[in-house]
Amino acid sequence: MQSNTPSRDTFSGKFGIIAAAAGSAIGLGNIWRFPYILGENGGGAFLLVYLLFVIMIGVPVMISELLIGRKAQLNVFGAFRKLAPGKPWFLIGVMGVGAAFLILGFYAVVAGWTLQYVYYSLTNALAGNTPDQMIQVFEGVQSTKGWSLFWTLLFMTGTAYIVSSGIEKGIEKYTKILMPLLVLIILVLNVRAITLDGAMAGLDFLFNPDFSKLNSDVILEALGQAFFSLSIGMGVIVTYGSYIKKNESLGGTALSVSLADTLIAVLAGVAIFPAAFAFGMAPNQGPGLVFVTLPNIFNQMAGGYFFGLLFFVLLSIAAFTSSISLLEVVVAYFTEELKLRRKQATWIAAGIMSLLAALCVFSDAAFGGFDYVSSNILLPIGGLLVVIFVGWIMDKNLPRLEIEADGKKARYYSGFRFIIKFLAPIAIALVFLNGLGWI
Ligand code: PFF
């Protein structure tokens, strides 16, 4: 009854869906990217704008993507082609598949660093380093291309292995174990961070907004970060939506996933900033925040070996469950549109992504470029087109029917409809054009 392709794999139930979708959303974006972007963009005020975007734009875009996927029962490309036959909306799918390649390109490199830091933590190689030596270690990790490539490829292989095993027996099975573990580890780190002497200054930086720090670049960064962190604007959620059974709640799923994602980002901030301030380290040191500041902190605190190891294991887990979803977007497209078998599709996609990742290992410009173009350009454009599609193009009754397919009335529907027809498209377009300096 669910689909026109009866053999299509699905998530077994609510917990599986949330684990997989939250697993996609919660990743390096929350723990590596969010704290350093917030640190570079002034702290508390960025957090407020970010939260506003998550609630007003993120959740409605996520519901829209879920309903497109579940209605069409197809990959992101096929979904738009099926729902708007003969029209160019399938280009959203093309863009999404392209964005998946770019994102996993640089993402796998950072994930490779996390594996490398798990190894350093295990072998206690960071113990006793001065802050300067810690910077040298991080620079060494980035400049020793051979090793960087090795860890990146190892990460890609692990990701491909899980995806090649399918939805229920692969993605769902692993995320169900990994996500609860992740929450547990981050809570332990929070307790450690806020009980340090001098933790208050960090909490102040994170929660006390200084609005003079806001400008159009910062606001575009916050929008880009919200899209990146929630995994929206590129088809991951459309693809996962297509594996959700009709009796599950789409609104509930979007809300739980967004809440969990935001909570983990804030908890990551609470783990990182109080510790950074307690040990007199700058909050705005960019991508090295996690890799330089934290090992310094671990070095100086009781139980540092244990907490350091836990932290980098946590980061790797988060990276795996997100990369799985990025690869799945492409694999779903390859299997359904190009008629490849899942294993074949997985290894071909992972092979191409590994080449892009290798490019990012060897070129900082490629690394930064892939990140900026995907987060601040492709994802907002994707999100904008998705809300326009659901608000203005789809048959008027379809979104409501799909959202209420679980048999429950969606009391929030008129608010949702207003946001996706007017508020979200206007807000995304304004922030986007303003951030690029076009208006
Ligand atoms: N949301 C992931 C994170 O925060 O790390 C990254 C990501 C996954 C972005 C999937 C986009 C995506 F489609």
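Even glycines carry a Cβ here, placed using N, Cα and C.
The transmembrane segment annotation in TrEMBL covers 12-32 (among others). Long-range neighbours of the transmembrane segment (12-32) within the same chain, counting only residues 6 or more positions beyond its ends whose Cβ lies under 8 Å from a Cβ of the stretch, are 107, 110-111, 114, 168, 171-172, 175-176, 178-179, 182, 186, 225, 228-231, 236-237, 240, 243-245, 248, 253, 256-258, 260-261, 264-265, 268, 287, 289-290, 314-315, 318-319, 321-326.
The transmembrane segment annotation in TrEMBL covers 44-68 (among others).
Counting same-chain residues at least six beyond the ends of the transmembrane segment (89-113), those with a Cβ under 8 angstroms from any Cβ of the stretch are 27-28, 32, 75-81, 83, 141-142, 148-156, 159, 228, 233-236, 238, 287, 291, 316, 319-320, 322-323, 326-327, 329-330, 333, 352-354, 356-357, 359-361, 366-367, 370-371, 373-374, 378-379, 381-382, 385-386, 389, 393. Annotation comment: TrEMBL describes 89-113 (among others) as transmembrane segment.
Taken from TrEMBL, the feature transmembrane segment covers 148-167 (among others). Residues 9-11, 104, 108-109, 111-113, 115-116, 141-142, 173-174, 243, 316, 319-320, 323-324, 327-328, 331, 342-343, 346-347, 349-350, 353-354, 357-358, 361 of the same chain sit 6 or more residues outside the transmembrane segment (148-167) yet have a Cβ under 8 Å from a Cβ within it.
Away from its own ends, the transmembrane segment (179-203) comes close to residues 19, 22-23, 26, 31, 264, 267-268, 270-279, 283, 301, 303, 307, 310-311, 313-314, 317-318, 321 of its chain (Cβ-Cβ under 8 Å, at least six residues beyond either end). Taken from TrEMBL, the feature transmembrane segment covers 179-203 (among others).
Under the heading transmembrane segment, TrEMBL lists 223-243 (among others). Panel annotation: around the transmembrane segment (223-243), residues 8-11, 17, 20-21, 24-25, 27, 29-30, 33-34, 37, 50, 53-54, 57-58, 61-62, 65-70, 72-77, 79, 92-93, 95-97, 99-100, 103, 167, 250, 257-258, 261-262, 265, 322, 325-326, 328-329, 332, 374-376, 378-383, 386, 428, 431-432, 435 of the same chain, lying at least six beyond its termini, place a Cβ under 8 Å from a Cβ of the stretch.
What TrEMBL lists as transmembrane segment is 255-282 (among others).
The transmembrane segment annotation in TrEMBL covers 302-335 (among others).
Annotation comment: TrEMBL describes 347-367 (among others) as transmembrane segment.
Annotation comment: TrEMBL describes 373-394 (among others) as transmembrane segment. Residues 57, 60-61, 64-65, 67-68, 80, 83-84, 87, 89, 92, 95-96, 98-99, 102-103, 220-221, 223-225, 227-228, 232-235, 417, 419-422, 424-425, 428-429, 431-432, 435 of the same chain lie 6+ residues outside the transmembrane segment (373-394) yet bring a C-beta within less than 8 angstroms of a C-beta in it.
Residues or ranges marked as transmembrane segment in TrEMBL: 415-436 (among others). Remote same-chain partners of the transmembrane segment (415-436), defined as residues 6 or more beyond its termini with a Cβ less than 8 Å from a stretch Cβ, comprise 56-57, 60-61, 63-64, 216-217, 219-221, 223, 251, 376-377, 380-381, 383-384, 387-388, 390-392, 399, 403.
Against the transmembrane segment (44-68), the recorded stretches 255-282, 302-335, 347-367 differ in Cβ pairs under 8 Å, and the greatest number is found for 255-282.
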